[in-house]
Amino acid sequence: MLMLWTFAVLLGAVAGREVCFDKLGCFSDDAPWSGTLDRPLKALPWSPAQINTRFLLYTNENPDNYQLITSDASNIRNSNFRTNRKTRIIIHGFIDKGEENWLSDMCKNMFRVESVNCICVDWKGGSRTTYTQATQNVRVVGAEVALLVNVLQSDLGYSLNNVHLIGHSLGSHIAGEAGKRTFGAIGRITGLDPAEPYFQGTPEEVRLDPTDAQFVDAIHTDAGPIIPNLGFGMSQTVGHLDFFPNGGIEMPGCQKNILSQIVDIDGIWEGTRNFAACNHLRSYKFYTDSIVNPTGFAGFSCSSYSLFTANKCFPCGSGGCPQMGHYADRYPGKTSRLYQTFYLNTGDKSNFARWRYQVTVTLSGQKVTGHILVSLFGNGGNSKQYEVFKGSLQPGTSHVNEFDSDVDVGDLQKVKFIWYNNVINPTLPKVGASRITVERNDGRVFNFCSQETVREDVLLTLSPC
């Protein structure tokens with residue numbers, strides 16, 4: 001293997017070739033594009049005719065059937081494209097296609113909350129080949145996206161501030177290439193698990209980086225090393241804000257057995273995709289869910305996921321927490337620094353949104369060994385029961401824990417407490433919570449009190465105090 005790698009690098013030292021295309025410019029296979037340790041195999045991108053990039057326009061007026069548009073201004077004017085709306089351009093990755101359901105599903109969620117031009121980029125002619133070749137085709141597709149955006153600006157007077165590129169996997173780096181060609185003037189780029197092989201550790205001109213747009217955010221869901229984890233996504237931070245949900249490596253719900261993964265509820269094809277790259281695909285599923293859950297993906301500033309799970313990163317800072325996904329651009333400090341890193345937990349099924357709470361329970365009653373659980377009730381809904389502590393329950397002691405609720409309970413109105421130990425005790429001990437304090441991630445604190453104690457498995461309701 002080492003000899004093969006060395007041979008490939010030496011082969012890359014040969015004088016490079018170049019290919020040029022009308023309106024797009026010239027592309028070389030010299031370093032840093034090829035012939036390096038990170039990109040040992042030399043290749044030139046395919047022609048636009050061979051890749052056959054297509055732009056599929058969905059709008060609020062045509063949410064189910066796309067209009068095919070080109071970088072011709074008259075063609076765009078005759079479509080449902082509206083210059084008084086934001087434009088979000090979704091770009092798929094390796095082996096994928098622009099007509100895959102997830103892209104149009106993302107558009108449809110957008111139509112639920114905004115009026116928008118939603119363009120799905122189909123470059124399957126260049127993505128369904130060897131990975132090495134696809135990474136080179138990225139450059140041409142990025143140039144074509146940039147050409148479309150430049151026509152919007154020059155011929156339709158459209159502001160690049162209103163352009164948002166959303167790329168998955170290799171699509172993230174296509175967005176980066178388009179951003180470079182528009183000199184960072186595009187309003188926003190979102191990288192959905194940017195592809196790692198041939199990009200991690202490469203110079204900024206090769207990959208997505210924070211200078212490619214006015215604001216760049218990224219979601220990392222498959223950031224384990226390619227060997228041995230088969231992690232397809234980058235662990236390297238690439239934006240102003242980088243989110244690592246669930247630690248960024250293993251996503252909840254992706255550890256099913258082979259049969260259950262392939263015989264998926266969405267069908268054999270989707271199930272097979274999930275089995276092969278479940279973690280990698282989670283990034284666009286999280287983003288799609290975030291569109292209709294504007295407060296359900298709060299990211300917490302933290303130096304590591306282990307500290308986050310140890311409850312060392314709550315609550316949000318004075319500027320609040322950024323929301324991973326669609327509403328990340330609402331964060332006041334979004335461009336104050338580069339490579340800001342945030343952690344959060346998500347659900348494991350279709351509803352991925354979670355709301356984090358910190359609960360402090362001060363015990364009363366008798367000393368026993370057991371588990372204490374609480375459930376939250378508010379004007380937005382009710383949570384399940386979550387365990388706060390297990391061990392020796394002593395009156396006067398306080399126990400703190402954080403949990404992620406699948407319901408945003410809103411402003412809290414009451415809390416219910418319960419304890420159990422599953423041990424037969426003829427004395428029938430009673431335990432209570434004299435005070436329960438609940439803090440939301442926005443720093444809002446709610447206090448509840450009770451003077452009562454209850455036996456095992458009996459609910460105790462605490463009222464505001």
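Including glycine, each Cβ sits where the backbone N, Cα and C put it.
As recorded in Swiss-Prot, the features of this protein are as follows:
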- 1-16: signal peptide (SIGNAL)
- Cys20-Cys26: disulfide bond (DISULFID)
- Cys107-Cys118: disulfide bond (DISULFID)
- Ser169: active site, nucleophile (ACT_SITE)
- Glu204, Arg207, Asp209, Asp212: Ca(2+) binding site (BINDING)
- Cys254-Cys278: disulfide bond (DISULFID)
- Cys302-Cys313: disulfide bond (DISULFID)
- Cys316-Cys321: disulfide bond (DISULFID)
- 355-465: domain 'PLAT' (DOMAIN)
- Cys449-Cys465: disulfide bond (DISULFID)
Taking DSSP as the reference, which of helix, strand or coil describes Cys107 (disulfide bond)?
helix
Taking the centroid of the Cβ atoms of Glu204, Arg207, Asp209, Asp212 as the Ca(2+) site, which other residues of that chain lie with their Cβ within 8 Å of it, listed in sequence order?
Gly176, Gly179, Lys180, Glu205, Val206, Leu208, Pro210, Thr211, Val238
Can you tell me which of the recorded positions Ser169, Glu204, Arg207, Asp212 is spatially closest to Cys278 (disulfide bond)? Compare CA atoms only.
Ser169
Fewest other CB within 10 angstroms, which one of the binding-site residues Glu204, Asp209, Asp212?
Glu204
Check the Cα-Cα distances from Glu204 (Ca(2+) binding site) to the disulfide-bonded residues Cys20, Cys302, Cys321, Cys449 and tell me which is shortest.
Cys20
Quick check: in three-state DSSP terms, what is Cys465 (disulfide bond)?
coil
Across the domain 'PLAT' (355-465), average pLDDT on the 0 to 100 scale:
95
Output, ordered by sequence, the same-chain residues six or more apart from Cys107 (disulfide bond) with a CB under 8 Å from its CB, or 'none'.
Tyr58, Pro63, Arg88, Ile90, Val116, Cys118, Cys120
Between the recorded positions Cys26, Arg207, Cys465, where is the Cβ count within 10 Å the lowest?
Cys26
Of Cys118, Cys321, the disulfide-bonded residues given in the record, which has the fewest other CB atoms within 10 A of its CB?
Cys321
